[in-house]
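As annotated by TrEMBL, active site, proton acceptor applies to F:P2. If you look up TrEMBL, you'll see F:2-58 marked as domain '4-oxalocrotonate tautomerase-like'.
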6 protein chains.
Amino acid sequence: MPVAQIFMIKGRTEEQRKAVIEKVTAAISEAVEIPKESVRVWIQEVPSTDWGVAGQTAKDLGR
Amino acid sequence: MPVAQIFMIKGRTEEQRKAVIEKVTAAISEAVEIPKESVRVWIQEVPSTDWGVAGQTAKDLGR
Amino acid sequence: MPVAQIFMIKGRTEEQRKAVIEKVTAAISEAVEIPKESVRVWIQEVPSTDWGVAGQTAKDLGR
Amino acid sequence: MPVAQIFMIKGRTEEQRKAVIEKVTAAISEAVEIPKESVRVWIQEVPSTDWGVAGQTAKDLGR
Amino acid sequence: MPVAQIFMIKGRTEEQRKAVIEKVTAAISEAVEIPKESVRVWIQEVPSTDWGVAGQTAKDLGR
Amino acid sequence: MPVAQIFMIKGRTEEQRKAVIEKVTAAISEAVEIPKESVRVWIQEVPSTDWGVAGQTAKDLGR
């Protein structure tokens with residue numbers, strides 16, 4: 001029953017986030033040979049003001 | 001000083017989330033025999049579009 | 001399908017950690033009125049050298 | 001720069017955990033169309049004594 | 001490549017959150033002697049209704 | 001009462017991890033102008049076999 005938490009900068013489309021859930025579930029299912037039914041995945045979007053790379057916000061870095 | 005993070009699909013009422021905080025705090029306090037004052041709990045709500053079960057979003061599963 | 005992650009300083013007995021799982025599951029189940037089957041809980045123990053309160057390690061604080 | 005944290009019951013082989021890292025990275029890279037270089041993934045293994053399903057430990061459930 | 005996740009009650013200004021990212025990045029960089037470029041930090045704000053201290057919400061405690 | 005979780009590849013000395021706790025606590029305290037007593041920090045070390053950069057383990061990358 002693996003669980004994946006994905007953190008991303010806010011702004012991806014619903015379609016992309018759906019693809020993340022679908023593909024990450026399949027990836028884990030294959031890697032550890034368990035049915036997809038056992039896998040949980042959720043995404044936590046973080047605003048670009050609250051995500052820091054090298055001490056700067058993603059917003060200030062223009063992402 | 002245990003800390004609990006609770007992840008749930010968005011949509012529970014404020015009253016229910018308050019009950020989660022109250023009851024989970026009491027549960028941990030009893031289980032490890034420490035005062036409730038030492039326990040921290042927070043809830044992170046995840047939109048149904050971003051929560052995946054078996055590779056499908058909770059939204060698509062109608063939850 | 002709520003998921004709880006509990007962080008605690010390493011050192012509780014297996015019996016106590018089992019009680020945490022049992023009681024936190026029941027607490028969430030009651031608070032949001034869902035069957036216990038839908039609840040996942042796991043504990044992550046952190047060594048006292050790696051847990052900080054007010055900038056000091058729990059080890060140095062004698063916990 | 002998405003980051004994935006994967007939680008699993010302890011016990012998978014190093015080969016399987018490596019496959020998780022490889023496949024989850026590829027999955028996220030494809031889903032949001034970014035180079036694999038931007039993706040970070042780590043696994044946190046949880047002992048079966050500390051992982052609860054429906055209020056019982058995975059150990060007691062024989063997993 | 002250390003990663004820091006900071007959880008705080010919602011309500012700090014963007015300026016304060018930016019300072020958190022800047023200062024925590026510098027702190028980790030100094031402590032483990034790596035360039036700031038290798039550090040990732042993000043903040044997750046939690047509404048005061050969803051943050052519990054001693055079993056009460058931060059909102060009820062007037063924070 | 002901010003809480004910081006720091007994830008790092010396993011292998012830093014106890015002295016370095018202590019410095020992380022001390023400095024990150026001070027950093028948050030200054031950034032949001034609260035006493036250090038209100039800050040909690042913990043470190044979660046991840047084995048190099050379980051940490052992935054660009055789809056490869058840190059171990060395979062020689063880190």
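A Cβ is built for glycine as well, from the same backbone N, Cα and C atoms used for every other residue.
All protein chains included, the residue listed as 'active site, proton acceptor' registers 21 other Cβ atoms within 10 Å of its own Cβ. Secondary structure of the domain '4-oxalocrotonate tautomerase-like' (F:2-58) per DSSP, as helix, strand and coil residue counts: 25 helix, 19 strand, 13 coil. Confidence across the domain '4-oxalocrotonate tautomerase-like' (F:2-58), taken as the mean pLDDT and rounded to a whole number, stands at 98.
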